[in-house]
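K.L.:
Sharing a structure here in structure tokens format.
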Amino acid sequence: MTAKKWLKTPKGYVTFALIIYLLIASIGSKDIMGIKNAFVAVFVSVIVDILCRTVKKRKWSMPDSAIITGLIISLILSTTSSVGVITATAVMAILSKYLLVYKKKPIFNPAAIGLLLSVLFFHSGQSWWGAFGDLPAWTIAFLLMGGYAITNRVNKYPQIFAFFGTSFLLLLLIGYFNIGGETDALRPPFINATLFFGFFMLTDPPTSPGKDKDQVIFGILTAVAGTLIYGLFGGLTYLYIGLVIGNLYSFLKKRLASKASMSRSNVIKNRGLQTFR
Amino acid sequence: MAKMDRKWVVLCSAAVAAVYATGYFSTEAEATKTTLRQHPPINIQTNADNPSVAESKNQPKKSLYKNGTFTGMGENRRGSIEVAVTIQNDKITDVEISDFAMHYSESDVVGLPDEVLQNQNAQVSNVSGATYSTQAFQDAVQDALYQAQNS
């Protein structure tokens, strides 16, 4: 595949957008550490991905999803994170892609799992600096432009509208009734995190459903779970926990569909045998 | 699968934006209140034993700070930290984090009060991966020291 063709694939779109965000955020914050961290995260992700593929005896393919995972990790982890934390986060993310699988496809979004475990094990600082959390509010326009382009490419509008609509509605209610006293989620840098998360992590095709109805349920479920966690406990893990629950729903849905189709094919087989007799 | 019609995309986007805007503006008052709470306008000296008298009687040389416990606040986009700094004869004798409202774990900055006691100023080394908490803590101690300063 030529570079021009690859750029038009969903992975090409995401990689291009994330690299642009990396550059904008680095220039905006006048900090080159983020770029250094991105090199570390991408390098580790690609190496672990290649090793896992070799161990699992899978066919060679370009490790573009590992590059995306590395970029997402580096854009979310604080630029002052140590090399050790970045490496561990990338390793956990890629391992989850090969260990927590159903029919060779990852059950959970690798970057979300890596970042969630990184908070739990290493108390890693996650600033979402690559979502322009420290830059002026107008930079959110970049998130919207890139986000809409990707959502359109992967055909996930029902999902993101369900997710953003439900999240904002619940946050409105939390704010209006003053539950938990949290008003931050609708303001930078949290709104930046929500938008980046919704557009770039939630829309990951292997870990999210394809059908419109399932997309809507997935979006609502992720939003409800995440916002409840935010309202009850605050912190920064609410988005990941929401996505883990959404991913579980998607996995169960696939499993049920697979079981149903298996039992259907068994019935057809049995009928065939009876006719033959 | 068919792509969503452009008209529907615009309509749904407008609906989501309207919900967001309603949430943003309906919590504006609460957000402003929180910011005001984080900037108490008064001197919050809590335990000074009449500093003006103590100064003139016991200290021939004018001291830099008043004696007592002073509260300072440091905040940024990731939350706020409030500290109580105790000063005796220009020496920082105790630093406590009295309120931790960052969106990160408090354990990140648990060693910083000891560092202030050691250094005898607000400068602390940056905790890797906890820059925002470190900054807020440092600003809070600086704020408390500012409150304690003799005019």
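Cβ atoms here come from the backbone N, Cα and C positions, even for glycine.
Note: TrEMBL annotation is automatic and uncurated.
In case it helps, TrEMBL gives these features for our protein:
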TRANSMEM  A:12-29  transmembrane segment
TRANSMEM  A:35-55  transmembrane segment
TRANSMEM  A:67-95  transmembrane segment
TRANSMEM  A:107-123  transmembrane segment
TRANSMEM  A:135-151  transmembrane segment
TRANSMEM  A:157-179  transmembrane segment
TRANSMEM  A:186-204  transmembrane segment
TRANSMEM  A:216-249  transmembrane segment
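Show me how these features fit into the shown structure, please.
P.N.:
Long-range contacts of the transmembrane segment (A:12-29) within the same chain: residues 6, 35, 38, 64, 67-68, 71-72, 74-75, 79, 129-132, 134-135, 139, 142-143, 146, 149-150, 153, 200, each at least 6 residues beyond the stretch ends and with a Cβ under 8 Å from a Cβ of the stretch.
Beyond its flanks by at least six residues, the transmembrane segment (A:35-55) meets 22-23, 26, 61, 63, 65-67, 69-71, 73-75, 77, 79, 81, 83, 86-87, 89-91, 93-95, 97-98 of its own chain at Cβ-Cβ distances under 8 Å.
Non-local neighbours of the transmembrane segment (A:107-123) in the same chain are 65, 68-69, 72-73, 76-77, 85, 88-94, 96-97, 100-101, 201-202, 204, 207, 236-237, 239-241, 243-244, 247-248, 250-251; each lies 6+ residues outside the stretch with a CB under 8 Å from one of its CB atoms.
Packing against the transmembrane segment (A:135-151) from elsewhere in the chain are residues 10, 13-14, 17, 20-21, 24-25, 28-29, 157, 160, 188, 191-192, 195-196, 198-200, 203: each is 6 or more residues past its ends and has a CB under 8 Å from a CB in it.
Same-chain neighbours of the transmembrane segment (A:216-249): 107-109, 112-113, 115-116, 119-120, 126, 158-167, 170-171, 174, 179-180, 182, 185, 193-194, 197, 201-202, 207-209, counting only residues six or more beyond its ends whose CB sits under 8 Å from a CB of the stretch.
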K.L.:
Can you name the far-off residues of the same chain, 6+ from the ends of the transmembrane segment (A:67-95), with a Cβ under 8 Å from a Cβ of it?
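P.N.:
For the transmembrane segment (A:67-95), the sequence-distant neighbours (Cβ-Cβ under 8 Å, at least 6 residues beyond its ends) are 11, 14-15, 18-19, 21-22, 25, 29, 31, 33-34, 37-38, 40-46, 48-49, 52, 110-111, 113-115, 117-118, 121-122, 124-131, 196, 200-201.
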